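Taken from TrEMBL, the feature signal peptide applies to 1-20. If you look up TrEMBL, you'll see 51-76, 88-106, 139-157, 195-212, 224-243, 520-541, 561-583, 604-622, 628-648, 655-674 marked as transmembrane segment. Annotation comment: TrEMBL describes 286-321, 443-478 as domain 'EF-hand'.
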């Protein structure tokens with residue numbers, strides 16, 4: 001962040017135009033002039049306007065291109081801040097009022113900010129021209145999502161409809177057979193994705209109504225149509241908010257969409273934490289030997305396969321990291337991804353292949369620098385629900401307290417640890433007889449079950465002396481490893497502080513009397529609020545200069561004014577989202593594909609209804625002339641074609657991607673002709 005600030009400041013000094021005046025001497029015409037006297041007042045020629053009085057400006061084509069690139073980059077940074085912060089708040093607060101209202105607005109804010117900035121912060125004359133740029137950007141984002149992004153998700157998510165029983169001979173291969181691939185391969189989605197597409201189609205109602213403006217030639221008639229459409233658009237928006245509040249299934253699907261990425265991050269983070277080496281070698285390839293060692297550690301009974309019980313233990317250990325995942329979802333998803341032969345067991349080959357696939361996917365997602373991928377490996381994702389609060393007391397925190405209790409029974413720490421810091425097994429065997437389990441304060445029956453599952457290796461629902469000694473030895477080694485304390489005798493105390501210090505970072509604390517105090521003002525909460533505020537400020541300040549630079553560049557080079565906002569700006573804003581959407585879809589799982597396409601439809605619906613509401617409000621309040629029928633018609637055509645296909649079909653054949661791709665250049669040409 002500091003380097004970015006320095007870079008921006010340097011950029012301002014470099015680009016800001018410096019003006020000077022030439023000192024003249026009153027000389028007679030008999031002296032030969034060096035040209036100074038013939039200098040006209042050039043201060044107004046090509047003079048650039050400093051927006052807000054201090055933003056840099058340009059008066060040449062190269063300067064316009066440079067400013068557009070800089071402002072676009074700052075918009076992308078602001079968008080990432082808003083999306084990162086709002087997603088963290090959504091995961092902390094969960095579904096409810098925030099998820100139904102403010103979260104939806106924040107998700108659509110990056111797409112409508114150009115309309116708001118160019119319309120609200122400009123005079124009527126300037127707004128008439130500049131609002132068109134903002135509208136074109138919003139429409140371009142919708143078209144891009146339903147054509148390029150949609151088509152790529154179909155390609156990467158396609159799989160064979162029917163498995164071929166026999167291989168066809170090479171002679172029978174023909175052009176007809178190759179074309180059959182376009183219909184045999186495809187993506188299967190669920191019914192809820194159809195419903196989401198239907199809601200997207202409903203958002204087109206204001207777009208159809210506002211086209212009636214062209215049917216009226218009088219000023220009063222046009223104002224009535226715009227006002228009526230504005231009321232309907234606001235009503236639809238409020239109805240959607242209330243619907244999501246009463247039946248938040250779309251919110252829940254949005255949360256479920258991020259669960260897969262959360263699980264991927266938590267799984268790999270846990271694997272790396274417990275690996276004796278790096279999961280990825282210097283060449284960027286998964287280290288097979290490290291993965292095999294991890295399999296051996298997970299396979300506690302050494303039967304060359306991971307059972308459901310061992311998988312449950314793996315998920316429980318994953319929960320001790322910074323990222324929290326839903327336990328049942330994690331078990332089901334890991335089993336689905338790794339158990340290739342569906343025998344409810346994961347053998348070593350399946351484990352290795354599954355880990356390799358997830359590592360490769362994580363590498364590609366991390367390269368996208370998307371808020372849902374690389375940053376999620378470093379930030380806490382915690383649902384603010386009672387179910388998650390009950391899961392906070394994990395085995396590591398419990399064992400930290402048990403170790404503390406055992407240490408207190410041993411008079412001195414050196415009775416437990418040898419001089420070299422290794423566990424003293426003989427002392428533990430003597431100590432086991434003196435430990436009173438009733439003295440260990442466990443919070444719930446669920447906590448007791450966790451300890452039993454961890455120590456009871458033979459699964460007889462009892463912990464004998466041998467199991468206790470082995471368990472304590474293992475956890476003492478874990479405490480030494482985690483603390484990495486030079487003074488090994490302090491490892492237990494430090495481990496206790498570390499593990500229970502993590503609990504204090506979450507969203508609540510429990511007093512001695514059992515009273516729960518909710519701690520919303522945690523670092524994660526404060527950071528997300530700051531990200532949202534900073535992102536909104538950056539996007540608001542940079543939107544107007546971007547629109548202004550686009551207009552000037554279009555005028556300078558004679559380019560159609562719609563081309564940059566309709567094509568280039570949406571491409572830059574949506575490139576990361578496209579990469580992030582492709583890889584979940586590439587898992588070729590119907591569930592994951594359904595969530596991916598649902599996110600696309602919900603995003604388009606948000607752009608449609610909030611963009612239209614914002615546009616109509618500005619047009620009506622500023623008394624602007626309606627000159628946006630071309631943009632509205634483009635949205636109607638694209639959303640109707642893809643929406644009807646998505647509404648009435650639960651399978652998208654591969655050929656539909658070609659249809660989607662062809663719509664994009666068609667829309668550009670159609671928009672040019674309408675303009």
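Glycine residues also receive a Cβ, built from the backbone N, Cα and C atoms like all the rest.
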Notebook entry, point to check: Hey, which of 51-76, 139-157, 628-648 has the most Cβ-Cβ pairs under 8 Å against the transmembrane segment (604-622)?
Noted result: 139-157
Margin query: I'd like to know if the transmembrane segment (195-212) touches the transmembrane segment (224-243) in this structure, counting it as a touch only when three or more C-beta pairs sit under 8 Å and are separated by 6 or more positions.
Written below: yes
Check: By Cβ distance under 8 Å, which residues at least 6 away from the ends of the transmembrane segment (195-212) in the same chain are close to it?
Finding: 225-226, 228-229, 232-233, 236, 240, 250, 253, 597-598, 601-602, 604-605, 608-609, 612-613, 616, 626, 629, 632-633, 635-636, 639-640, 643-644, 646-647
Item checked: Intrachain residues whose Cβ lies under 8 Å of the transmembrane segment (655-674), provided they are six or more past its termini -> 143-144, 146-148, 150-152, 154-155, 158, 182-183, 186, 560, 562-563, 566-567, 629-631, 633-634, 637-638, 641-642, 645
Check: Across the domain 'EF-hand' (286-321), what is the average pLDDT of the model, as a whole number?
Finding: 77
Next item on the list: Count the residues of the domain 'EF-hand' (286-321) that DSSP assigns to helix (H, G, I), to strand (E, B) and to coil, and report the three numbers in that order.
Entry: 22 helix, 3 strand, 11 coil
